[in-house]
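For reference, the structure is listed below as structure tokens.
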Amino acid sequence: MAAGGGLSRSERKAAERVRRLREEQQRERLRQVSRILRKAAAERSAEEGRVLAESADLVTELQGRSRRREGLKRRQEEVCDDPEELRRKVRELAGAVRNAKHLVVYTGAGISTAASIPDYRGPNGVWTLLQKGRSVSAADLSEAEPTLTHMSITRLHEQKLVQHVVSQNCDGLHLRSGLPRTAISELHGNMYIEVCTSCIPNREYVRVFDVTERTALHRHHTGRTCHKCGTQLRDTIVHFGERGTLGQPLNWEAATEAASKADTILCLGSSLKVLKKYPCLWCMTKPPSRRPKLYIVNLQWTPKDDWAALKLHGKCDDVMQLLMDELGLEIPLYNRV
């Protein structure tokens with residue numbers, strides 16, 4: 001024992017060797033139990049059964065890990081309702097749309113996939129491919145046209161069946177579809193709009209090209225200047241880890257006001273993993289009887305599924321075509337001119 005009651009250097013080294021040996025033994029036991037659990041119960045030997053009985057804590061831990069992996073895998077799978085079930089659900093949705101006093105639509109990347117714009121968390125989504133180590137090709141989004149879903153939403157707004165649209169998309173397709181600026185909140189910005197924040201009110205420049213080519217997280221200057229005051233222009237994009245402060249095109253004030261009035265919310269093509277973090281959009285502080293009824297259209301699991309009055313497993317364009325037919329409304333064609 002060293003002076004002062006502490007361990008000597010040799011004792012510390014011996015204790016460290018013992019600790020590492022125990023950790024290696026635990027890892028080896030974990031690997032052994034994992035191999036045994038992968039076997040069918042009928043194929044395990046008596047010795048393997050004894051090992052499992054002596055390692056109850058490890059068995060519980062590994063089984064829990066397995067259940068979590070399977071649950072995550074199921075959540076990532078795309079599920080489609082059979083045609084008859086989907087039509088039945090759309091009839092129910094059509095009734096909700098007709099009866100709604102204040103319907104708000106929340107949209108995500110899934111409504112733009114038909115325009116060859118990738119989503120994020122689908123089987124071929126941006127995040128999914130990156131997690132698998134695969135490359136993601138850049139698309140010229142300036143050539144993309146609004147989808148059947150975009151045009152349907154615009155017609156529903158014209159018919160006063162939809163009061164407001166809250167979108168996570170930055171592709172500008174809602175505006176191209178003819179939806180008025182006042183009727184949409186683009187919470188994560190618009191890649192075709194750059195602004196001068198020195199001018200009061202902020203001066204907007206709506207472009208026919210992507211203004212974000214030189215911008216990134218915490219770097220928002222586009223390289224162009226305001227023709228009025230000469231200040232550098234900035235994009236309107238809100239990246240992960242940032243808090244959007246621009247009034248437009250984010251339009252948070254209108255989004256929160258619409259949510260507070262909503263008696264019905266229709267979510268189209270959104271995983272809701274980001275939107276769920278905005279409590280002001282869900283009015284969960286209201287008594288249950290006064291909360292808006294939630295309808296979700298998505299091929300994958302969302303964290304709001306258990307709150308939904310109805311979940312429709314289908315592609316957005318397929319569902320919206322059936323819905324517009326059920327409502328007796330014609331879907332306008334997009335005119336690029």
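Just so you know, glycine gets a Cβ as well, placed from its N, Cα and C.
A TrEMBL annotation is a machine prediction, not a hand-curated record.
Looking at the stretches 1-26, 27-52, 131-156, 157-182, the one that TrEMBL records under the feature region 'Disordered' is 1-26. Distance noted between the C-alpha atoms of C229 (Zn(2+) binding site) and H188 (active site, proton acceptor) is 26 Å. Annotated Zn(2+) site C196, C199, C226, C229; additional same-chain residues within 8 Å of its Cβ mean position, judged by their own Cβ, are T197, S198, R203, H227, K228, G230, T231, L233. Sequence-distant contacts of C199 (Zn(2+) binding site), defined as residues of its own chain at least six apart whose C-beta falls under 8 angstroms from its C-beta, comprise C226, K228, C229, T231. Taking H, G and I as helix, E and B as strand and the rest as coil, DSSP gives the compositional bias 'Basic and acidic residues' (9-26) the counts 18 helix, 0 strand, 0 coil. Averaged over the domain 'Deacetylase sirtuin-type' (83-330), the predicted model reaches a pLDDT of 88.
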